[in-house]
Structure formats: structure tokens, C-alpha cells
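Trainee: In case it's useful when we look at the structure, here is the feature table from TrEMBL:
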- 57-89: domain 'Alpha-D-phosphohexomutase alpha/beta/alpha' (DOMAIN)
- Ser67, Asp282, Asp284, Asp286: Mg(2+) binding site (BINDING)
- Ser67: active site, phosphoserine intermediate (ACT_SITE)
- 124-177: domain 'Alpha-D-phosphohexomutase alpha/beta/alpha' (DOMAIN)
- 305-457: domain 'Phosphoacetylglucosamine mutase AMG1' (DOMAIN)
- Glu387, Ala388, Asn389, Arg518, Pro519, Ser520, Gly521, Thr522, Arg527: substrate binding site (BINDING)
- 475-547: domain 'Alpha-D-phosphohexomutase C-terminal' (DOMAIN)
Amino acid sequence: MKEKQQSLLLESAARFPPPKGVKLSYGTAGFRADASLLESTVFRVGILAALRSLKTGSVIGLMITASHNKVSDNGIKVADPSGGMLTQDWEPFSDAIANAPDPHSLLQLITEFVKKEEIGFEGRQPAEVLLGRDTRPSGEALLEAAKQGITSIVGAIGTDMGVVTTPQLHWMVRARNRGLEASESSYFHQLSTSFRCLMDLKPEGISKNGNDATLVVDGADGVGGEKLEQFKKMLTGLCIEVRNRGDGILNEGVGADYVQKEKVAPRSFGTADAGLRCASLDGDADRLVYFSVLPNENNKIELVDGDKILSLFALFIKEQLSILNEGVDKKGNDSYQARLGVVQTAYANGASTDYLKEMGLEVVLTPTGVKYLHEKAAEFDIGIYFEANGHGTILFSEAFLCWLEASHKTLLSTSEGSAKQKAASRLLAVSQLINQAVGDALSGLLLVEVILKYMGWSIHRWNELYHDLPSRQLKVKVVDRTAVVTANAETVAVQPIGIQEAINVEIAKYPRGRCFIRPSGTEDVIRVYAEATSQDAADSLASSVAKLVDQYLGFGSS
Ligand SMILES: CC(=O)N[C@H]1[C@@H](OP(=O)(O)O)O[C@H](CO)[C@@H](O)[C@@H]1O
Ligand SMILES: [Mg+2]
């Protein structure tokens, strides 16, 4: 590294001293903390993003958001060239530089890393980082700190995309690296065009969804509500009313995380909305859940979560694939036996996993966190992944899309208007509509709406696909959450020794009982999840296992 570069790093790092006594970690989804603690971290992640851009010769993304966390928090996530999450190989470096105590130790870490990764500073392309932020008041100053980090790498530039949803930023990174236009208007254009194409391809004779022609959306008082209000004007054939568009406090009693975890209606929704088809986005609009307010039930709702969105998508895709393969000899030249797979975590409701398996689908479980689910889904020709909390998307392999495009072309010339041609056309439109960089509440919502129209289903009919097993989630504060080590996609606790056997004894007391514990990657707690055939049983299983966690690891345990 040249001297000029070294002194630039030292000078700028001196302007962003890290807070004393705070240790930060990249965690499940980037750095998150109280916004007042983050300037130095964000500055340093700016440096990391510029180095990543140099290393890959591609555009990188930086998103300033703390998603569903409270408004006083903030955070930062990195988008890799594909638009997906930062490669896990670079997470240890991000942790190390975030916690470097002074400019010199920071410079030393960077120098060593640049050498190890063989990052060239005289590459053909200059480094470029796209920056975005959500609506948090702390976002503007943090974005400036990130920019300073980026520009402390000689020749690197930061391009401010303004206030955007997390998935919009990831989409833009992906688009730029494919040589496409990466603006908000091109994003809206792609989504609205593919949405219209799918609406035009719905079967004739399907009736409207009864009385729920309008979709009412809770915007979590964040960026998603704002964007949807703007975007809905470009959508034909769908009437959307957006509530909680930013007048109230972000994520307070609103948003997908609140609705999914508490199973109650968000602020601005009540019994007057009973029976309507409603949806809720989270603070940065990468999560989506649906719900319907129950009549006379004190804000209780019928929750249609990420597992059911996944099931709806899987059903639709599977149907289109079987139309395409109808009458085709398995060895036929123009057939492509696409591998369709679904990816869930241990938090997926057991009834959803049973349902998907009964459909004949390959179901894979991964640890919690989109980075794991996304990676697994990419192994299929069509991989659908969702966390129960509503974060997920559909990935199409390049090989399958190539075949599909060619096949569609042939079908257009030989049998335009045939069921097969329409099925191919629908799948192509889905690959355009759904955000293949990352889970996206806006594009997910449009796909749900299209499929409900296609099926002629109301939200209640959709919710009847299967009945969720009653479940309960609890959090337990412990001395050191890293003392819990899990295996088998977090379904088994291998440490502390003996705890799993004790949990098994509890589980055996309940028919269809299922329970697991894991350390959270975003909060300082151990999470307990339990499922059983009645709510009382799920509650009681969760609370006895929470007691075990407290006995083994709680503050009175040592
Ligand atoms: C049970 C649960 O909902 N866990 C969430 C939560 O992770 P934890 O590691 O459980 O804190 O935040 C993650 C990031 O948003 C999300 O991917 C994950 O699903
Ligand atoms: Mg989010």
C-alpha cells in the first residue's frame, strides 16, 4: 500500500474514534446498535466496501438500516456483487476492523488483509459503492460517515441512492453489475411490467376475490409504506390502501415483526377492518406477512406468515412446471426436469413442512439468517426460501432461465396462446417480478396478489392450505449466550452438555411436541421455540424449556 494511501486512512480514521467499551459483531444481518454508537463502525464498513469493490472489480452496496429494530437504533449491511449478502469469508475482517481501538491498529489490520486477499489498488476499474438508507433520523449523518470511509480508499467513489428500501438497494447493485440501469424508476418499471404480464395471463373465468378487492397495507411507518404509496399509481388491476406511511413512530406497534411475533393487528387497524385482506411490511421492507383482523376479537388476527407465502409460491410454480412438462417424455429432448426445492429454518411451522413434503417437494432446513437460506436455495433450478417471519424470495438458476427463454420462443412460434406457452410466460414473468437479490416485501406482495387472482382465492381460502400447529417463542437472558452451541440446522443443542437430553424429556411429554433453543444473532438472548397440538401445551413446553435454559445458563447457574 502506498504511503499516500496509508496517511489518508490514518487521517480520516482519526476523525471517527470508536466508542469505548463497546464490542460490535456483524451478526445475523450486519452491525446493529444504538445509532449514537455507530459512526465509527459505519465509517470502517465504508472502507471494507471499497476494498470489496476493488477485490471483485464490481459495484458493492451499503445499506444503512436497522430493519425492524426501534427507531433510535441503526445498522449497516453490505451487498455483494450478486446483490446478495456479503460473503461470510469477510465477516471476521469486518468484526476485526469494527473493533480496532485506534487508527494505527486499523491501518495494520487493513494492510494485512489487503496483502492476504491480494487486493490490487491499480485495477482497471475504480471502486464504486452504492449507498442507501431507510427513514431513520440518524441515517443521513451515518451515510456521510460511510461515504468518508469509502473515499479514504484512493479512487473509490460512493454513489448516494437516497432513501430506499433494503431490497431496492440490493436490486440496484445486482442490476449495475449486469450492465443494466439501476435507478428507482427502472426497479418500479420492471416490477410493474412483470406484474401486468402475470395479471394478463390469469385464466379466464376466474372470479374476483369476493369482497376483498382492496389490499390494505401497514407500512410500519417506514420507507416501504412511502415507496408503496408512490409505486401503487403504476399498478393496474390492484387497489392498494397504505396505512402507517410515516406519521407515527417507526416499528412501534406496527410492522411485520410486531404482527408476526405478537399475532395482533398493527396500529391503525381494528375491528372495522375485519375480514379484509391486509399485509404488513417491516421497517426496511424486506419482510412481508399477511393477516386478516378477526371480528369482535380485541385486535386478534388470522396470521398468514412467511411459511404460507412460501407454500403459495411453491404451489403456483409447481403447477406451471407440470403444465410445461405435460405429455413430455422424460427423455424428450425439449424437456427440462427442473429441480424445485424449498428452504426453511427450524422456526418454520411443522404443519408447513408436512404440507410441502406432501406436495412432493424437496424441503431443506438451514440455520437462521437469510445468508444461509439464500445460499442453499441457489443450489436448485428454482429455489424458494422463506423464514417464518416473512423474509424470502425465489431464485432461478441461469441454466434453467436459459432453457425457459429458448423454450418460450419456440412455443410462441409453434403454439402461441397454448397452456404451455402461457406457463412458460408466467415463469419468465415471475423471474422478473421477484427480487432475486434478496427477499423483497414489495415484489413478494405483488406475486402473492397475482397468485391469489390466478387461483381465485380469498385470504381465508389461502390460509386454509394447512392449519398451523400452535407455537410459542420465548427469550431468556443468560450470562453468556455463546455457551449454547447447536447442530443440525439449530435443532439440537450440543452444548452445554446434558441440556438437550433434558429438553428431550420435556418434549416427550407432549404429543407432536417440538422444541429447540439457540442463541440469537441480533439480540443478547437465548431464543426458545416450542410447538405442540394445543396452545396450552406449546406454552407449557416453551416455559419448561426456558426454565431449563435458566437453570443451565442463567444468572443463578454458576
Ligand atoms: C426468530 C427470528 O425471527 N429470528 C430473526 C432474527 O435473528 P436472530 O438471530 O434470531 O436474532 O433477525 C434476523 C435478521 O433480521 C432474521 O433473519 C431472523 O429470522
Ligand atoms: Mg428487515
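Every residue gets a Cβ built from N, Cα and C, even glycine.
Where the annotation comes from TrEMBL, it is an automatic prediction and has not been curated.
A description of the local structural setting of each listed feature is requested, covering burial, neighbours and distances.
Mentor: Across the domain 'Alpha-D-phosphohexomutase alpha/beta/alpha' (57-89), mean pLDDT in this model comes to 96.
Within the same chain, the residues at least 6 positions away from Ser67 (Mg(2+) binding site) whose Cβ sits under 8 Å from its Cβ are Ala29, Arg32, Gly75, Thr166, Asp257, Asp282, Gly283, Asp284, Asp286, Arg287, listed in sequence order.
Cβ neighbours of Gly521 (substrate binding site) (same chain, under 8 Å, six or more residues apart in sequence): Gly27, Thr28, Ala29, Thr368, Gly369.
Summarised by DSSP class, the composition of the domain 'Alpha-D-phosphohexomutase C-terminal' (475-547) is 25 helix, 21 strand, 27 coil.
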Trainee: Can you name the residues of this chain that are 6 or more positions from Pro519 (substrate binding site) yet have a C-beta less than 8 Å from its C-beta?
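Mentor: Result: Arg481, Thr482, Val484, Val525, Ile526, Arg527.
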Trainee: Does anything in the same chain, at least 6 positions from Glu387 (substrate binding site), have a Cβ under 8 Å from its Cβ, and if so what?
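Mentor: Glu387 (substrate binding site) has long-range Cβ partners Gly306, Gln344, Thr345, Tyr347, Ala348, Thr368, Val370, Leu373.
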Trainee: Summarise the domain 'Alpha-D-phosphohexomutase alpha/beta/alpha' (57-89) as counts of helix, strand and coil residues per DSSP.
Mentor: 2 helix, 13 strand, 18 coil
Trainee: Six or more residues beyond either end and a Cβ under 8 Å away: which residues meet both conditions relative to the domain 'Alpha-D-phosphohexomutase alpha/beta/alpha' (57-89)?
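Mentor: Residues 26, 29-35, 38, 41-42, 45-46, 48-50, 123-125, 127-134, 136-139, 142-143, 146, 150, 158, 164, 166, 169-177, 220, 249-252, 255-258, 282-284, 286-287, 370-371, 374, 436-438, 522.
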Trainee: Around the Mg(2+) site recorded as Ser67, Asp282, Asp284, Asp286, what other same-chain residues have a C-beta within 8 angstroms of the site's C-beta center?
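Mentor: My list of surrounding residues reads Thr65, His68, Asp134, Thr165, Thr166, Gly222, Gly224, Ala256, Leu281, Gly283, Ala285, Arg287, His391, Ala441.
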Trainee: Including all protein chains shown, what's the count of other C-beta atoms within 10 A of the C-beta of Asn389 (substrate binding site)?
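Mentor: A 10 Å sphere around the Cβ of Asn389 (substrate binding site) contains 23 other Cβ atoms.
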